[in-house]
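Quick look at what TrEMBL lists:
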type     : residues : note
COMPBIAS : 99-113   : compositional bias 'Polar residues'
COMPBIAS : 156-165  : compositional bias 'Acidic residues'
COMPBIAS : 166-185  : compositional bias 'Basic and acidic residues'
COMPBIAS : 224-235  : compositional bias 'Acidic residues'
COMPBIAS : 248-264  : compositional bias 'Low complexity'
DOMAIN   : 3-99     : domain 'Mcm6 C-terminal winged-helix'
REGION   : 95-129   : region 'Disordered'
REGION   : 153-185  : region 'Disordered'
REGION   : 207-292  : region 'Disordered'
Amino acid sequence: MIAMSHDKYTAIRRFIVRHIQDQDFAEDHGIPGRVLIYLCLERFYPEAQDPEAIWTEKKSVEGVIRRMVEDSMLQPVSKNQKVVFRLDPYFNIKDKMNPTASQPSEDPQSTQEALEALERETSPEFEDRDVDQQMDDDLDQQLAQQLDESMHQIDQAEEEQEDGAEEGRDYQVETHQDDQPVHNLPERLQEAEKAARLEATRHAEAYAEITRGAAPMPRIHTAEEEEEEHEEDEDPIRTPGRKRRKVMAIAPSDASSSMDSISPGKYPNSTPRRRRIRLGTPLSASRRRSAP
């Protein structure tokens with residue numbers, strides 16, 4: 001471990017313990033070593049800008065973590081083929097500055113493997129490989145997105161081209177049908193007239209066949225006839241639904257002794273009543289008085 005002051009070493013250990021306690025990880029969860037190193041660098045070495053100085057400070061923090069694992073303060077746990085760190089369950093928080101009060105939770109071989117994994121993860125080659133992998137992933141994602149957009153644009157252009165081609169074909173067909181020259185126009189007109197006459201004849205024959213033996217259709221009065229009937233029917237005395245009957249004079253019969261026309265008298269629409277001849281006429285009052 002690179003030389004470090006005792007105060008900073010103690011502060012880094014307390015910071016790591018407090019941070020892991022605040023996270024309250026489950027039994028098989030923890031914080032990756034690289035994340036732990038970056039947190040310590042941001043907290044205790046914020047002014048480091050030179051890559052060489054940053055690498056030196058990282059090695060110092062890595063030495064603190066290694067020492068905490070050796071003192072059974074931190075426990076390395078394998079999680080998804082990566083090493084994460086959590087507080088050792090046998091570590092006494094109150095006596096954290098006394099490493100001899102805790103018991104090791106893993107054998108030295110496992111601890112050494114965890115520390116070697118931590119060293120590999122914090123090495124510049126590993127970081128460069130991670131950066132390259134991240135850049136490759138981002139580039140692949142961008143290329144895939146661009147490819148999807150290009151394919152979408154191509155598909156959209158093909159659909160628009162197909163739609164335009166179909167509209168063009170429809171327009172050509174309609175134009176071709178409309179622009180065809182008319183040949184033999186007189187013959188076509190004659191054929192149309194002949195077809196119309198045949199159709200009219202067929203309808204007339206069908207109507208005659210249907211109406212054969214039926215009663216004649218009622219006569220339809222023209223407008224002039226209706227006006228004449230209306231003028232004849234005008235009578236202020238009669239009812240609207242009854243026609244006025246003309247009173248005709250009765251001509252004298254041959255047996256009549258009078259040559260004068262017979263007046264209709266009281267009954268204008270019938271012959272005059274004849275007097276009934278009684279066979280037995282009663283006696284008058286004078287004759288009844290003189291009778292025996």
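Glycine is no exception: its Cβ is also placed from the backbone N, Cα and C atoms.
Quantities reported herein were computed from a predicted structural model and do not represent experimental measurements.
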Structural state census, the compositional bias 'Acidic residues' (156-165) (DSSP three-state): 10 helix, 0 strand, 0 coil
Mean predicted confidence [pLDDT] for the domain 'Mcm6 C-terminal winged-helix' (3-99): 77
Within the domain 'Mcm6 C-terminal winged-helix' (3-99), residues counted as helix, strand or coil by DSSP: 51 helix, 14 strand, 32 coil
